[in-house]
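Chemist: Copied straight from TrEMBL:
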type: TRANSMEM; residues: C:39-62; note: transmembrane segment
type: TRANSMEM; residues: C:69-87; note: transmembrane segment
type: TRANSMEM; residues: C:93-111; note: transmembrane segment
type: TRANSMEM; residues: C:118-139; note: transmembrane segment
type: TRANSMEM; residues: C:159-180; note: transmembrane segment
type: TRANSMEM; residues: C:209-231; note: transmembrane segment
type: TRANSMEM; residues: C:243-260; note: transmembrane segment
type: TRANSMEM; residues: C:265-284; note: transmembrane segment
type: TRANSMEM; residues: C:290-309; note: transmembrane segment
Amino acid sequence: MTAKLVITGASKAFPGVQALDDVSLTLEAGSIHALLGENGAGKSTLIKIITGVHRPDSGTVLLDGEPMQFFGPHDALAHGISAVHQERNLIPRFSVAENIMLERLPTRAGLVDYGEVREAARRFMAPLGLEIDPDIPVRNLSVARMQLVEIAKALSLDARLLVLDEPTASITPHETETLFRLLRELRDKGVAILFVSHKLDEVFELCDSVTVLRDGRNACASRSLNGLDRSDVVRLMIGRDETAVRRTERTATGEPVLALRDVATDLGHRNIDLEVRAGEIVGLYGLVGAGRTELAKAVIGAAKVTSGEVQVGGRSARIDSVATALSRYRIGYVSEDRKHEGLILMHSVRRNVAVTVWRRIARALGWLPDRAERDAVTPYIERLQVRTPSLAQPVSLLSGGNQQKVSVAKWLAAQVRVLIVDEPTVGIDIQTKVYLHELIHELAASGTAILLISSDMPEMISLADRIVVMADFEVVGELDNTRDAADMSEAIMARIHKVAEVA
Amino acid sequence: MSTKAIPGRAGPKGPTFAVLASNEVGLLLITVGAVIVFSYLAPGFDSPFNIYALTRVLAIDVVIGFSMMVVLVTGGLNLAVGAIGVSAVMVGGWAMQVAGLPIIVSALLALAFGAALGALNGILTVAMRVHSFVVTLATMSLFFGAMIVLTQAEAFNALPAEFVSLAKLKTWFFASSMLYASIVVGLLLWWLFHHTLIGRQILAAGANPSAARLSGVPVERTIVVCHGLSGALAAFAGLMLTARNGAALPSMAGQLGMDWLLPAFLAPVLGGTLLTGGTLSVAGTFLGAAMVTVLSNGLLQLQVGEFWVQAFLGVILLVAVVLDRLRAHVMAKRRVR
Amino acid sequence: MSATMHLLRTDWFGLLVAFAVGAVALGLAQPSFLSTYNLYVMLTAFSLSILIALSQMVIVAIGQLNLSVGAIGGLAAITFAGVMEVWSVPIPVAILIGLLVGVAGGTLNGVVTHVTGLNAFVVTLATLAIFKGTNIGITEAQPFYEIPDAVKSFGNARFGFFPYLLFVSGAIGIAVWVFMRRSVLGRQLLAVGGNLNAAKLSGIPVGRVVVAAHVLSGMLAAVAGMLAVARLQLGQPTIGDDWLIISFAAPVIGGAVLAGGHVSVAGTVLGVAIIMLINNALVLLNVDPYAVQLVLGALILAAVALSRFREPA
C-alpha cells in the first residue's frame, strides 16, 4: 500500500531565510503523525507546502503515489487535504455556520440555502461538543470557541489528510479530550493526520510516529514513537540534552522596583498583584491567551490601567504612554512579535537600536546627527555581538537570532531599570538562545529587574527566580522556583487546569 | 521606472541605497532624454518663454508633490491637498486685498491656515483611528464647500502688484524664481527627515507604527505633524499658483481641488516614496515632478490635446507602480540566492 | 435579544428613523417638499445616486476603493450617446456597448490591482486619469446632443412622482441585495474583504473574486452613466465628475466598514436617501447649494465617528 503522502527532499527559501532544506516526511493513511520542532524550525512552511499555499523550490511531493502539483489552497482542498492553521482563519462577521461551510456553501436555485448551511454545520459541531447558536458571528466568540469552530470547519471537509497546527493551544483539557477521541475515530477510518503541538504530553498520548525539524532540516524523518521517550524527542528538537542550566542560587534582596497592586485593565485583567525586585527575574507563565503580553502592554502604557496601582521604585506611577514609561520610569519591553512590534524591518540596524535614545541624544532644534546615533549604538552592537555587515544594513536582512539581538540591544541602549522580556527565544537558533539566556541572567545580576514572559517551560525554570502563573487574565498562583523541572511544571499546570475546569 | 536599466548591485551602503539611487538616476536620465527629444521635435520647447513657463509649473507641482509625500510617509494620504491649498490662498487673498495686510503677513497667515486645516486632518485621523483616506475625503468636501459658501465663489483679483510680480521674476537660464523657492523647500524637508529627531520619529512611525509606539515614539504626534506640514505645503503651492495667476481663484484646483491629486501622487510615487509609509525621497519627488512636467509640456508643444496628456499621465502612473512592484519582486528573488 | 434590540443593532433602522423624522420635519416646514414635482425631481436624483453608491459599495466590500467610479460612468455615458449619434447604433446595442465599457474599465482596475497586489487607490487614480482623459479627448468637451427620442422620453417618464428611472435602479438595488446576501459569489466577496488570508485558505479563488467585484462596480457605474444621459437628455462629458464624494458617503453612512467585509445595501440606499433629503432641504430653504459639499463632508465624519462609537476598534 502506498503511503498517503510522501515528501522527499523538499526545500523552500524566502528572502533572507532558507526555511526548509532537504526535508522528507512519510505520512501513512490511518495514522497520526507528529510534526515537531522549535518555533522557526520550518513546521509552518512544511504545512503550507502540504496545503498548497507554497510550492517547494525543489523536491517531490507524492499524494497517494501521484506527484502533487497544487496551484493554491483550493487545489489541496479538492484533493481531500484540509487544515487547521495556527493563525485564526475565520471570517469575523460571518456566522459560525457559514464559516464552517464556507468552502462549499449549499445552494438552492443558485442562492445560498442558509437553512441547509445551519443543519450541515450542526452535524460537524455536535461531535466536538460545540453547543452554540450556529447563527452567532464568530467575532463574538471566545478564542477557545473560535478554535473549535476552525476544527469543525476542517473536519467538515471529510478530508483524507488532516493537518492540525497547534489545535489545542487555547482550549481546555476537557475539550482537548473530546478532540482526541474524535481524531482517533478518524484515524481508525483511515484518515491520515498530521499533528503539530508543542505539548509533548499530547504528542505521546495521541501520535503513532514523529518527524522532527531543526533549523529547516530533518532531525528525524517519520520514526515510530515506540521506543522514544520525552528526552529523546527533546534532544532531537534542540540538538542537545535538555538541561536546565543550574544557576547559582541568588537571593534578590533589592527593593521592589515594579509592583502592581490590585490592578485591573481595560483589556480585562482583574486583581493583578505582582512584584519585581531589583536584580530579580520573575517569570510570568500561562497558556496562549492567558493575558500575559496584554499585561505587559498595560504596564508600559500601551493599554489602560483602569483601577489599582502601579508602583515604580516604591512610588505610585501614572504611565499613560510608552514614551512616559521609557523616559520617566525607565521601563522597557522586548516584544514577542519581533517582525510587527519589535523591529522596523525596513530600517537600518543603527536606527532600530537608536530609536529608544533619539530623544536623549538630540541636540538643539531637534538636530540629530548620524554620528551621535552611531556613537550611541556601537557599544551595544559590539557587546551583543550582532553579526551585521554594517550599521546601515536593513534589519530585515539579518538572521532571526541577530534580529532578536537588535531588539534587545535597543533596550540596553536605553539603560532601563525594568525590562519586560516577552518570549525572548522564539524562532531563533540554539547558540543565540543560550547567549540570550546568559544575557538576561547578567542583566539581572547587574541590578535590572526582569519580568520574563515565556511559554518555554525549561527556559522559565532555568531563568526565573519566582514564577507567577496567569490564566484567563488573572494571577492564579505564585511559586518559588525549585529548579526541578518535573515538579515545577506539574505544580504550574495544576494551577492552570484548576481554573480551566471551573470556567 | 528606469531601474531595470541599472541592475541593483548592492553598493557599500547596502541595497536600499542602490535602489533609491537607481530610481533617481533613472528619472533624471528620462527627463534629460525627453528634454533633448522635445528640443528637436517641438521648435517652441526650448524657447526662453517656454522654459520660463515650464519651470513655473514645475515649481508648483514639486511643492504639491511634497505636500502629498509628507503624508504618504506616515502610510496615509491626503485627498484634501487641493481643497486646503485653495482655502488657504483665499484667506491669503482676503488678507491682502480686503484687510490690506502686508504681503508677508498675509502669506504667513495663509501658510498657518493651511497648516491648521492639515493638522485638523491629522487630529481627526488619530482621534477616530481610521485611515486618513476617509477623513481627508470628508474634509476635502467640507473645506471646499465651506470655502465656496464663504467666498460666494468670487475670486480676489485685485492683489498687490508686488505679490504678483514675485512670480514674474526670471533668473538664470530663464528659469522662474519660484523654482528656487521650491528647491529651498526641498532642502529643508530633506534636512527635516534625515537629520532631526522628529524626522526620524516620523519615518519610524510610518514604517511600523506598533514597533515605533512600543519604543516610545509618539506616533500620534508624528501623524498630526505630517498632516499639518502637508497643509502648509499645499498652502505654499497655492500661494505660488496665485502669484502666477495674478488672482486667488476658488476654481484654481478644479472641483473640490481634485485637479491637484494626479500631480500630487505622480511626483512622489515616481520618485520612489512608498505608499506603505516609512521611506521617502525628496530628490525623487523633485525629479518625478520634473519628468512629468517636461513630458506634459513637451506633448502640449507637439499639439497633443491637453486631455490626452492627462490620460497619458494616468498610463505613466500605472506603468510606474507596476514596474516598481516588479522591481521589488526581482530584488526579493535576488536576495534569496 | 429582544426584537427591538435587534432592530437597533441593524445598520438600517437608525437611518430609517432619521430619514422619516427628517422627511416629516421638512414636509411641515416646507409644504412644497411634498409637491409631486419636487418628489419626482428628488427621486430622479435618488435613482442615479443609488447606482453610484452601490458601484463603490461592492469595492468597499472587498476592502478596496475605487476612485474611477465617476470616470467609468462618464466614459460609458459618452460612449452610449456617441455611438447612437455618430453611428446610429440601435438603442439596445448602444446599451450593450455602454455596459461593455463598464466591464472593460472594471476589468482593468481588477486585474491590475490583483496581479500587482498594489493599493487600489493608486491604480484607480491612474485609471481615473486615463478614462477621464479619453472621455474629453474623444468629445473635445462637447456634449453629444442627438439622443434618440425613446431614450429621452424614458428619462422624463413618470407615474405621478415616481420616475421610470427608479424602476431600473430599484430592480438593480434588489438584485445587488440578493447578490450580497444570498449568492455564493457575493458571500465570497465579503469573505475576501473580511479576512483575505482565511478566504485564500478556504479555497476561495481570491483573484477571480476581486476582478468580479471590480467588473460589477464598473457595470453599475456604466448603468448610472447611461441613466444620466437619459435624464439630462444629452451625452454630457462632465457626467461622473461629481460622483466621488457621494459614492463613499452613502455606503459609509450606511454602515459599511472601509476595511472590508461588511456592507449594507439597505443602509447604503438609506444613506443616499438621507443625502437627497438634505440636498432637497437646502434647496427648498434657499441655502447656498454649495453648502451640500460641506454637509456631505460633515456627514461622512459623523458616520465614521458613530461607527467607532458603536464598535470601538
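The backbone N, Cα and C atoms fix where each Cβ goes, glycine too.
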Chemist: So which residues does the transmembrane segment (C:39-62) touch in its own chain, when a touch means Cβ under 8 Å and the partner is 6 or more beyond its ends?
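Modeler: Answer is 33, 69-70, 73, 120, 158, 160-163, 165-166, 168-170, 172-173, 176, 180, 189-190, 192-193, 209-210, 213-214, 216-218, 220-221, 223-224, 227-228, 231, 243, 246-251, 254, 256-258, 260-263, 265, 268-269, 271-273, 275-277, 279-280.
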Chemist: Mind checking which residues of the chain, 6+ beyond the ends of the transmembrane segment (C:290-309), have their Cβ under 8 Å from one of its Cβ atoms?
Modeler: 245-246, 248-249, 252-253, 255, 257, 271, 274-275, 278-279, 282
Chemist: Can you tell me which of C:93-111, C:118-139, C:159-180, C:209-231 gets the most C-beta pairs within less than 8 Å of the transmembrane segment (C:265-284)?
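Modeler: It is C:159-180 that shares the most Cβ pairs under 8 Å with the transmembrane segment (C:265-284).
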Chemist: Please identify the stretch among C:69-87, C:159-180, C:209-231 with the greatest number of Cβ pairs below 8 Å relative to the transmembrane segment (C:93-111).
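Modeler: That would be C:209-231.
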Chemist: Flag the pair the transmembrane segment (C:243-260) / the transmembrane segment (C:159-180) as in contact if three or more Cβ pairs fall under 8 Å (sequence separation 6 or more).
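Modeler: Checked: the transmembrane segment (C:243-260) vs the transmembrane segment (C:159-180), no contact.
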Chemist: Cβ under 8 Å, sequence separation of at least 6 from the ends of the transmembrane segment (C:209-231): give me the contacting residues as numbers and ranges.
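Modeler: Sequence-remote neighbours of the transmembrane segment (C:209-231) are 44, 47-48, 51-52, 54-56, 58-59, 61-62, 64, 66, 69-70, 72-77, 80-81, 95, 98-99, 101-107, 109-111, 113-114, 147, 151-152, 154-155, 165, 168-169, 172, 176, 185, 188-189, 192, 199, 239-240, 243.
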